[in-house]
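Peer 1: According to TrEMBL, the protein carries these features:
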- D76: active site (ACT_SITE)
- E141: active site, proton acceptor (ACT_SITE)
- H74, D107, E170: Zn(2+) 1 binding site (BINDING)
- D107, E142, H356: Zn(2+) 2 binding site (BINDING)
- 183-290: domain 'Peptidase M20 dimerisation' (DOMAIN)
Amino acid sequence: MSQTLALLEALITRPSVTPTDAGCQDLIAERLARCGFEIERMDSGPEHFRVANLWALKRGSAGDDAPVLMFAGHTDVVPPGKLEAWTSDPFVPSYRDGRLYGRGAADMKGSVAAMVVAAEEFVVAHPEHRGSVAFLLTSDEEGPAVDGTVVCCERLRARQQRLDFCIVGEPTSVERLGDMVKNGRRGTLSGKLRVLGIQGHVAYPHLARNPVHQVAPALAELAATEWDRGNSYFPATSFQISNIHAGTGATNVIPGDVLIDFNFRFSTESTPEGLKHKVETLLKRHGLDYELAWTLGGEPFLTPVGSLSDAVSAAIAAETGLKPELSTTGGTSDGRFIAKICPQVLEFGPINATIHKVDENVPADCIDPLKNIYRRTLENLLL
Ligand SMILES: [Zn+2]
């Protein structure tokens, strides 16, 4: 049986719903230690939400004269939801019609298993490999992501750990393994706006001030604003209102305030500071009495075409015959934290059609090719 599938099965069997790791990282650490990796735990967080983090490093023969490639990923999975909805137990690996079913099969225990076996094969086949191989795994990517990758990146930065390339194993393929690689992600910035008015009787508007009437033209202007035009890697920054609440429920009362939630998904052509400034200037120009609280969910990152994307593309072409599309679509990922300490970060993994869904699965015959692509990438960059 395939080593990669066997490891994937062993990981699915461990019910590691965020932030629980359920022994996934112990299993991986044991295997990596056996083939020469130095292992370090970087667990973090309070007792009631303890996050398991694993750092592992296999030094290359050329020491500081050769690059370091880091595989990054998460061992946690999202909750399965109602168990009755699943065709088979989400934590018992099950094969049907050539697919392997189980929570985490695609997001992202399949990639984690493939990375581990790729690294094992690489160091056995090339004991004198020049460059170094590293792993950074967390059990909190799907949750608040406060004590996971971001904490480890801070530690690695503090000790000046060299990193040249990183592959995050998020499932990025769309229809066939290798058809898409992510070379960046948009940023996300949210605002909670409260516009204040004066509550009153609808029949006596001169004694009240209607915040809905006051904010409406400002919202129309915000919705029509062109924030940037994007660039060759990113679509234009988008502004979306997600919630509006005002009113007491009675039809004869002018509301005293209106609450509006909005979000930007922004490209590398805009900055959080620039977007905040534009919004506040606009609100002030409309003469609004308001309170506004911002949350920066994640900064954008971008890895332009370069040695890492060339190495991954060549590995994909050699294994599958496909030429991957580089894309920055989709939500945020831990790539945003890693990009701060590593100049080239790409995300590549299996087909993402069933992630977070009931009956999550991967085609069983894509897991070894995925492992081979990771191994070929190591060979392209570290020999
Ligand atoms: Zn994931």
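Cβ atoms are placed via backbone N, Cα and C, with glycine included.
Keep in mind that TrEMBL annotations are predicted by a computer and have not been checked by a curator.
Each of these features: where is it, how hidden is it, and who are its neighbours?
Peer 2: Neighbour list (D76 (active site), Cβ cut-off 8 Å, at least 6 residues apart, same chain): S16, V17, T18, P19, T20, D21, T138, S139, D140, E141, E142, G143.
Under DSSP, E141 (active site, proton acceptor) is assigned to coil, being neither helix nor strand in the three-state scheme.
Within the same chain, the residues at least 6 positions away from D107 (Zn(2+) 1 binding site) whose Cβ sits under 8 Å from its Cβ are V77, V78, E170, P171, N352, I355, H356, E360, listed in sequence order. Secondary structure at D107 (Zn(2+) 1 binding site), as computed by DSSP, is helix.
Mean model confidence for the domain 'Peptidase M20 dimerisation' (183-290) is a pLDDT of 97.
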Peer 1: So if I measure Cβ to Cβ from H74 (Zn(2+) 1 binding site) and keep only same-chain residues at least 6 apart in sequence, which ones fall under 8 Å?
Peer 2: M108, V112, L137, T138, S139, D140, E141, E142, G148, T149, D334
Peer 1: Identify which of the following recorded positions, namely D76, E170, H356, place a Cβ less than 6 Å away from any atom of ligand 1, and list them by sequence position.
Peer 2: E170
Peer 1: Take the Cβ of E142 (Zn(2+) 2 binding site) and count every other Cβ within 10 Å, whichever protein chain it belongs to.
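Peer 2: Other Cβ atoms within 10 Å of E142 (Zn(2+) 2 binding site): 21.
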Peer 1: Looking only at E141, E170, H356, the recorded positions on record, which one has the least crowded Cβ, with the fewest other Cβ atoms within 10 Å?
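Peer 2: Comparing Cβ neighbour counts within 10 Å for the recorded positions E141, E170, H356 gives H356.
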